[in-house]
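Chemist: Reproduced below are the annotations present in Swiss-Prot:
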BINDING   ARG23, GLU79, LYS118, LYS450  (6S)-5-formyl-5,6,7,8-tetrahydrofolate binding site
DOMAIN    214-374  domain 'TrmE-type G'
BINDING   ASN224, THR243, ILE245, THR248  K(+) binding site
BINDING   224-229, 243-249, 268-271  GTP binding site
BINDING   SER228, THR249  Mg(2+) binding site
Amino acid sequence: MYTKDTIVAIATPQGNGGIGIIRISGIDALAIAEKLTKKQLKPRYATFCNVYNDNEIIDHGIIIFFKAPLSYTGEDVVEIQAHGNPFILNLIIKAALNCGARMAKAGEFTERAFLNNKLDLAQAEAVADIINASSEIAAKSAAKSLQGDFSKEINNLLEKLIYLRMYVEASIDFPEEEINFLEDQKIHSSLEEIYKVILAVKNSCKQGVILAEGITLILVGKPNAGKSSLLNALAGKESAIVTSIAGTTRDIVKEHIQINGVPMHIIDTAGLRNSDDIIESEGIKRAIKKIQEADQVLFVTDDYTNSQVKFSDIKEIIPEFYDQIPKDIDITYVHNKIDLLKEVPHNHANHIYISAENNIGIDKLKEHILNKVGYTNQNESIYTARERHVTAINNAFEHIKLAKEQLELGNGELLAEELLIVQEYLNSITGEFSSDDLLGEIFSSFCIGK
């Protein structure tokens, strides 16, 4: 058990509120709490009492003692529920520090829960995901991960994989058993089952990352093409100033919305053109930089001279910026102002026709965006995931494919080696084998007090 010292932090958000919670965890948590309250605390009882700094009353509230290992961290934990005034809470923190506690680092309570086997690494990350979820579906999916749905799937997969590894390695170590790799259907069927499960988890992880991290959309195009109007139409409110004057948007304008429960981070940028205006030029530089960070680019145009516009044609539309736009970026061409046309072309491939001002075609555009990122809305089976999970699963998938190749070639030792590599990648998801650097990076992204 992790029992180095005792930590303290405010567990509720900053600012004023009806209640503020202070969390203390560690070997001296009970002793410190009893010094602060001058009470003997019973495990799992709510005790209403004063909180003192020496003999001076700071506040009164409810104190709950959770005796190890039946606590969030697996250590002795005390929660002090006081009035939610930052000055009062900080006075209680100072009193706890005077009694021997130290300030917790970001995510240290959850890190201790992980080190004390109360949570695996995927569940620990889900704690942050559920706190930061920006949609109802994202919150529900994070709850599934926190309950262990993702971890159970990985652990079930590991169980099958380890059994297969043992079987393969036994056949190598004990050749007298005369197992023929090319003919043994047990190995073939087990490997094929593992392959299919990893593929399914791979697809689920992709959905989970979309829900956990959202999609970043960048609106780009020439001035006055209707980018700001499109931002307002997608957001359903007036987020950006819209005028008939080209170059109105001179800086980055951000809006966070949901499309079918999927978080979307939409960024409106300055119109791309050569400008002598220092402020507008800086906005254009920022726009180019943001394009490189996008999951998708919505290239807004009101030019209908070529409805079959392709990426190479952007060189003609904005030649001065063509070389600065990544050639592998996912671009949807949004043809705006169709209300001015007598005949509206049909949507096709990456070309969507809309009128942002009149809200025509916006739903079709939203549907197109979700399809482009591969979101399937199967929220009953989706759990949140991180990019590192996707990387691990993708690597595991590549090596399980190599394992199948080695099986077909009859290379038992290389097959066993590939299975071991797959196991290591899967173990990294739940934290079975994780470096201190990785753990530090993960938990440092948490808020203080969690």
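The backbone N, Cα and C atoms fix where each Cβ goes, glycine too.
Give me the lay of the land around each of these features.
Modeler: All protein chains included, ARG23 ((6S)-5-formyl-5,6,7,8-tetrahydrofolate binding site) registers 23 other Cβ atoms within 10 Å of its own Cβ. Under the DSSP three-state reduction, ARG23 ((6S)-5-formyl-5,6,7,8-tetrahydrofolate binding site) is assigned to strand.
Around the Cβ of ASN224 (K(+) binding site), 19 further Cβ atoms fall within 10 Å across all displayed protein chains. In the three-state DSSP scheme, ASN224 (K(+) binding site) is classed as coil.
Around LYS227 (GTP binding site), a 10 Å sphere centred on its CB holds 32 further CB atoms from the protein chains shown.
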Chemist: Out of ARG23, GLU79, LYS118, the binding-site residues in the record, which is closest to ASN224 (K(+) binding site) when you go by Cα distance?
Modeler: ARG23
Chemist: Relative to the Cβ of GLU79 ((6S)-5-formyl-5,6,7,8-tetrahydrofolate binding site), which residues of the same chain, six or more apart in sequence, are found under 8 Å away?
Modeler: ALA11, ILE21, ILE22, ARG23, ILE24, ILE63, ILE64, PHE66
Chemist: Report the member of LYS118, SER228 (the binding-site residues) whose C-beta atom has the most other C-beta atoms within 10 angstroms.
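Modeler: Ranked by Cβ atoms within 10 Å, first place goes to SER228.
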Chemist: In whole Å, note down how far the CA of LYS118 ((6S)-5-formyl-5,6,7,8-tetrahydrofolate binding site) lies from the CA of LYS227 (GTP binding site).
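Modeler: Here the two Cα atoms are 48 Å apart.
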